[in-house]
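Here the structure comes first, spelled out in C-alpha cells, and everything after it is commentary.
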Amino acid sequence: MKRSGYCGDIRESSIGKEIAVCGWVHSRRDHGGVIFIDLRDREGILQIVFQPENKEIFEAAEKLRSEYVIAVKGWVRNRPFGTLNTNMSTGNVELVAVELKILNTSPGLPFEISDYIDTSEELRLKYRYLDLRRPNLQKNFVMRHKISKEIRNFLNEEGFLEIETPFLTKSTPEGARDFLVPSRLHHGNFFALPQSPQLFKQILMSAGFDKYYQIVRCFRDEDLRADRQPEFTQVDVEMSFVDEEDVMVVIERMLARVFKMTLNLDIKMPFERMPYSEAMLRFGSDKPDTRFEVEIKDFSRELKNSGFSVFSSVISKGGIVRGLCIPKGASFSRSEIAGLTKFVGEYGAKGLVWMKITDTGADSNIVKYFKEYEIRVFISKLNAKSGDLIVFLADEEKTVAQGLGALRLKVGRESGLIDKNKFNFLWVVDFPLMEWDKEEQRWQALHHPFTLPKDADSLTKENAGRAKAKAYDVVLNGIELGGGSIRIHKSGIQKKIFNILDISDESAEKKFGFLLKALTYGAPPHGGAALGFDRLCALISGEDSIREVIAFPKTQKAVDPLSNAPAAVSDNHLKELGLQQIEN
C-alpha cells in the first residue's frame, strides 16, 4: 500500500477521493459498534472510521493499540453533522477505511504521546524517540528547519559562502574547557572540539573569501547552567572590509527576514543601540529586557553626605548606591521583603534597604536618617507612587548592578509587568575591552582576545581598564542572541593584546602561532558575529528551554539518558590511544 498523502493535510477538497495514509495510532474509541482511530503523522491527525460491515479489517482494527504503526486506504467524506472538531485542521473530514495493514506494534508506553504530560525530563530523554512524536515537538523541529532555511537563503542572496571549518582542531583554552580527542597515531597528543570557528573564519578572511557563513556545531566542556548544552549550534558569519555598522545591519536584516517568514512579524529597524555603561546603569545587565519600564537609578551623588552612614560610608570607599521602584510593593509583608533581601544576597549584596511610599511620603525604620528633600528625590527619580516599594543597594558597582538587575527581572516576571507579545531587539555596544580578574590578578578579555580596541595605538597595560572594544551584542527580550566584533587584523596589535593579557610570546606562539602568521600575510580588516541558533529557535517557537528545540539534548549533568553517553571504553581501546585509566 503506497501512501498518497499526509494525515494532517487532508481537507474537504479530498472528499470523495480514495487515499492512503500511514502513521501512528494516537487514540482508539469504540462507539455504537464503530471503531474510530485518530491516526497521527508529522503533519497532524486524521480520524479513521472502521465499520463492522467490512468484517476483516474491522476485526484487525479491534487489535490496534496506541502507537501501532499502520497503513490505511479508504474514502474521504464529510464528518456527520454534530461531530465536527474545530480544534483539528482535519476536523471536518474523516477517512472510511477499506484496507488496513499493521506495519508494526508497540508495547505499553512509559508516558502518553501528548503535549501535556506530567513526567520527568529524565524519562522523556530516555525515551526521546517517543517524546519527539509529541505534536508540539514535531512543530518545533519543522520551525527549526524553516529558520535555518531562511538564514541560508538570506546569506546566500547576500553573497556569503558556506564553508565548513574543522571539528578536529587544536586546544587553545582561553575561556571554557575544551573537549579533548586523543590521537591514535600521535600518542600523548590531542585534538580539541571547537568552542567556535573563530580562528578559522578569520583565516578564511585572510585567504580572501570576503563573506563566510556556517550553521555550525560548537562544543564547550563547562559546568552547565540552567539552559546550556555541551554541544550547541551557532550561526557564524564573517565579512571583510567592514566596520561595526556593516555587520550589525546584515544581522538585523537577517533576523527581520527570519521573524517575518516564520511568525509574520515586522521587526522595526534599525535596532536601538545602547552603550554597555547605560545598560548596566539603567537595567543592571548587559542584556537588558526593555519590555517593561521599571529602571534602576543612581543616587551616589545625592547621598555622598547622607546622614545614613550605611550609604555614605560605602560611597566614601568608592562604592555606589542605586535604587529600584517595585510597583504596588508597599503591600509586601516583612517576610516577603526578607525574601527579596535573601534573593539579592545570592548576588553578593550584603543587605537591602527599603521604603514603602505612602500618600504622605515614605514609611520605613530608616526614614528618620534622611532629610525630607532626599525622600522627595528618591520618589521623583524613581517615579514612585503611593503604594509602591522602593529598594536600595549600596556596594561596589558590579554587585549593585547584578543584584538590582536580577531583582528587576524577578519583579517584572512575578508582577506581570512583562508584555510577552513584544519582541524588543537592541544592540549593546561600547563594551569594555577587558576586565580585571581579582583571583588571577590579571586582565581578561571581556569577549575574546581577538577583538579590536577602539583606539589600539594608545592602548597600554595601564589604561586597559578604560579601553573600549569594537564589539556588539544583539539582545532580544533580555536574552543575548549573539554577538560579534571587528577583529584584530594586524599581528603587532594582536601581540600587544596578548602581552596585556599576560600571555607570553612563547605561549601565544604555541597556541595561536598559525593565526599570527596568517595576519602577517596581508590580512584584510574584518569582523563578524555569531548567533545562538538553538536560542533563536526556542524564542521563535515560544519555548523556555533550548532542550525543546534540540533533537537529542543532554541533561544538566551533561548525560544523554537515551544512549547512556558518556560511557566507559575497553582497556584495548585505551591502549590503542596510548592511554590508561587511573584510580581516583
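The backbone N, Cα and C atoms fix where each Cβ goes, glycine too.
Summarising the annotation, Swiss-Prot assigns site 'Important for tRNA non-discrimination' to H31 (among others) and lists sequence analysis as the type of evidence. Cβ neighbours within 10 Å of H31 (site 'Important for tRNA non-discrimination'), excluding its own Cβ and spanning all shown chains: 9. H31 (site 'Important for tRNA non-discrimination') falls within a strand segment according to DSSP.
According to Swiss-Prot, the site 'Important for tRNA non-discrimination' annotation covers G82 (among others), on the basis of sequence analysis. Other Cβ atoms within 10 Å of the Cβ of G82 (site 'Important for tRNA non-discrimination') number 5 in total over all chains.
According to DSSP, R220 (L-aspartate binding site) sits in a coil region rather than a helix or strand. Annotation source Swiss-Prot lists L-aspartate binding site at E174, R220, H447, R487.
Taking H, G and I as helix, E and B as strand and the rest as coil, DSSP gives the region 'Aspartate' (198-201) the counts 4 helix, 0 strand, 0 coil. The region 'Aspartate' annotation in Swiss-Prot covers 198-201.
Summarising the annotation, Swiss-Prot assigns ATP binding site to R220, D221, E222, Q229, E480, G532, F533, D534, R535 and lists sequence analysis as the type of evidence. When other Cβ atoms within 10 Å of the Cβ of F533 (ATP binding site) are tallied across all protein chains shown, the result is 26. F533 (ATP binding site) carries a helical DSSP state (H, G or I).
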Can you figure out which of H31, G82, H447, R487 (the recorded positions) comes closest in space to E480 (ATP binding site), comparing Cα atoms?
H447
Residue numbers, six or more beyond the limits of the region 'Aspartate' (198-201), whose CB comes under 8 Å of its CB atoms:
165-166, 169, 172, 212, 214, 236, 238, 448, 450, 512, 514-515, 528
Write down the Cα-Cα distance for R220 (L-aspartate binding site) and F533 (ATP binding site), rounded and given in Å.
15
DSSP-derived class (H/G/I helix, E/B strand, else coil) of R487 (L-aspartate binding site):
strand
Which of the three DSSP-derived classes (helix, strand, coil) applies to E480 (ATP binding site)?
strand
